[in-house]
Amino acid sequence: MPTYNEITLAKELIRFPSITPIDAGVMKFLAKKLTTIGFKCKILEFKDKNSKPVKNLYARLGNTQPNFMFAGHLDVVPPGNIQDWTIKPFSPTIKKNHLIGRGANDMKSAIASWVVAVNNYVLTNKKINGSISLLITGDEEGVAINGTKKVVDYLKKKKEKIDFCLVGEPTNPNKLGEMIKIGRRGSINAELTIIGTQGHVAYPHRAKNPSTSLIKILNEIKEIKFDKGTKDFQPTNLEVTKININNTADNVIPGLARATFNIRFNNKHTSSSLKNRLNKIFKKITKKDKSNFKVEYRVSGEAFLTKPNKTTYMIQDVIKKITKIKPQLSTTGGTSDARFIRKIAPCLEFGLVGKTMHKVDEAVSISDLKKLTKIYSEILKNYF
């Protein structure tokens, strides 16, 4: 059995320009590496009529319970203007004790650390009292419809039991060891269209200005105090992100007015309860103004919380032991693929420092990368 190194493996993964939904061969490459350790690998390609096909990987070492799964993604965001980078984004380079390259931080390096941790564990332990698995997607940075969500459905169909999942997203704001994610807020995006009657500005009685209703609605929903937050979650928050009347003439009352907004919500609400509350406001105001509305909602995920258990506290203790920092159990930040995995297993998230994710010259500290491998190795040792 070969011995792998996290820096070398991270570099190899970064060299693949796997910009969502392009695979560029990275999933097959990782599967080959895992096969040498003893994993049975299955590359799963999913597609949708409105989206391009995406490759995913499920790999398992062992065939008994408990099954400890690591989840992550090998797709990356586009590098943007390459001229702004000090290196070629997919030519990983070490400078000033940092590994630079697109995906170094989010999240190819964490995957490399996990693979090396498993490799080391297998080399020093002839028998695993259970199974180790990986769920790696190529659709986390995109629309996320042909990725983890469908792999989870596949695992449910195959009756594959997952006892615990560690998601390797970059969870730490500033220093390695600061934060473990034990849940995430839900997210709703909405596009609201108010339908009025177009007309001449000099004859408002012959028209119905939709912007009047839109302004009233936006004012009302922005003033809503949804809740005060909970012990584990921030207060629910609504932000208006776009207002568009799309009227190029100064002497025309528009026929349509649109706005988009996002709600990040805690576990005091569901997407359905929030939509019902908002729809009542839309109906009330448009009825009074004699206008009409239509609204399209897109729910990225529901709020969820993994109640801390002995595995959570074990991982917290391991991180503290290696980093000398006791990590906070948090639910802050955006959505992640944990929102899909939590349907089949308790899960938490811990990875690198997220300062440079999606940025020009995305980078990870070499010291942090090595420490993360130690943390993952200790987690395996303590879990089994």
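Positions of Cβ are set from backbone N, Cα and C atoms, glycine also.
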Zn(2+) 2 binding, same site as Asp106, His358 - Swiss-Prot member from Glu141, Glu160, Glu302: Glu141
Swiss-Prot annotation, Zn(2+) 1 site containing Asp106, Glu169 - matching residue among His73, His205, His269: His73
Secondary structure at Asp106 (Zn(2+) 1 binding site), reduced by DSSP to three states: helix
Cα-Cα distance linking Glu141 (Zn(2+) 2 binding site) and Asp75 (active site), given in Å to the nearest integer: 7
For Asp106 (Zn(2+) 1 binding site), nearby residues of its own chain (Cβ under 8 Å, 6 or more apart in sequence): Val76, Val77, Glu169, Pro170, Gly354, Met357, His358, Glu362
Cβ atoms near His358 (Zn(2+) 2 binding site) (within 10 Å, other residues, all chains): 15
Coarse DSSP state, helix versus strand versus coil, of Glu140 (active site, proton acceptor): coil
Recorded positions (Asp75, Glu140, Glu141, Glu169), the one with most neighbouring Cβ atoms at 10 Å: Asp75
